[in-house]
Each structure stands twice: as structure tokens, then as C-alpha cells.
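Below: the structure, in C-alpha cells.
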Amino acid sequence: MKAELLLPLLGLQALLGAGTYFQTVTGFGLGMIVMGVTSGLGLAPVATVAAVVSLVTLANSACALPGKLQHIDWRAVAAAAIGILPSVVVGVLVLEYLSSSAATLLQLLLGAVILYGGLSAALKPAPLAQRSGDGTFFVSGVFGGLLSGMFGVSGPPLIFQFYRQPMKPVEIRCALILVFTVTSTVRTLFSAWQGQLDAAVCVQAAIAVPVVVIATLLGRRFPPPFSPATTRRVAFGVLIGIGASLMLPAISAWVL
């Protein structure tokens, strides 16, 4: 294989491995890490990478969740999933309806809200005194679905919601992995229905599965020795990064 083809493939596999490990130990990050870096470096077409990420997320959950299902707050996950599924479609339709300037302004506002929430939570990483009601998980799912449909980023509202709960880290991780598995399943089925699961996607996903499985097992076996407070700070730090990444392109578009 020629170097100009091999290097992007190896780079993508390395990113998938790193993102999978991060998601296994925190419950999120695979899609955000891989999509963010690959789009910035141009390692592969965005549509192809998105389809590959959805497929390997299923492999990640298949290895990360066995033996840990008893830790999942099923009511919270169900409420979030119910909110996510229809709002993804709404997000896509809203983005198609809005003008480019309105969409840019909305992206700026969403980035500012996520950045503020991440900063506020990072400064006070202690969890809430008691679990939030199921309705708040539904609302976080709705906003997560809207973000996914409009900007391809569903994580921030869900990360903020689950990491503020008085849950053990393992409970938060497993719940988020399951929620994102539901989202990835829907995306994969929709991609298949649209005929987007072509040979390139299937080959790259097949190559990535062993990498994802190994990274998942490493995450389960050798998680970083972080305290719950540190883990929450890491999660909220990622939210800060996501908020900034949404704001900067929007600001650039307005300035230029």
C-alpha cells in the first residue's frame, strides 16, 4: 500500500484506539475526539469517518458493558434515549430551515452555553445532593439530539447531566456508553437505509474492530487512577473544549 494511503489509515486507527480508551474510562469522547481531529487534519472524508465511528461504537459497547449492566440507571438512560431519537431529526430539519447566518449565530450561542456550563461545573465538581428527576434526563436527551442533528455533537448536555449526578463513576460511564450506543445504532441503520455503508466504510470498520476491542479491554483493565472529583473535572474540561470549538468557527465566520 502506498504511503499516502497507509499513513491516513494508520492515523485514523490510532485515533480510534485513543478515543475508545478515553470513552471506556469516562463514558464519552470517541466520536468527539475522532471526528474533531480527522476533520481538522483531513485524514478521511467526514461522512466516512462518522459511519465508521458509529459502527465501532457498537464494538466498544459490546466489550465495555458485559458484566456491568447492573450499574446502569435504566430509567435515566431510557428517558435520555426517548429525548434523543426524535430530536435528532428535528435538529437536521432546523439546520436545513435556518439561513447560514442564523445557524452560525445559533452555533455561537450553543458554544457559549456549553463553555459556561463546563467552566461552572469544573470549578465545583462535587455532584448534586440527590439524583435529578427523570424529566431532566429527557430534556438533556432532547438537547443532545438537537446538537447531534445540527452540529454532529450530541455529548455535551448528556455529559453535563450525568456527571452532575450523585452516581459512582462506573454508573456514569456505563449509562453514557449505553446512551451513545443507542444513538450509534440509529445512525448506522439510517446510514444503511440511505446506502452510505459502502465498501470503504465496511473495510475501515473491520480493520478498526480489533483496535477498538484491545483499547476497550485496556480501558477496563487499566483505567487511570483518578478520583471521582478528578474524573468529573476531566469531563467538564472536555465540555469547555467542545464549547470553545463550537464558538471559534462561528466567531471567525462573523468577523470574516
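Placement of Cβ uses the backbone N, Cα and C atoms for every residue, glycine included.
Worth saying up front: this structure is predicted, and the values here are computed from it rather than measured.
Annotated features, as they stand in Swiss-Prot:
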TRANSMEM  5-25  transmembrane segment
TRANSMEM  33-53  transmembrane segment
TRANSMEM  76-96  transmembrane segment
TRANSMEM  103-123  transmembrane segment
TRANSMEM  142-162  transmembrane segment
TRANSMEM  172-190  transmembrane segment
TRANSMEM  199-219  transmembrane segment
TRANSMEM  236-256  transmembrane segment
Cβ contacts the transmembrane segment (142-162)/the transmembrane segment (5-25), at least three under 8 Å, sequence gap 6 or more: no
Recorded stretch, among 33-53, 76-96, 103-123, 172-190, 199-219, maximising Cβ pairs under 8 Å relative to the transmembrane segment (5-25): 199-219
In contact by Cβ distance (the transmembrane segment (199-219), the transmembrane segment (33-53); 3 or more pairs under 8 Å): yes
Top partner of the transmembrane segment (236-256) among 76-96, 103-123, 172-190 - counted as Cβ pairs under 8 Å: 103-123
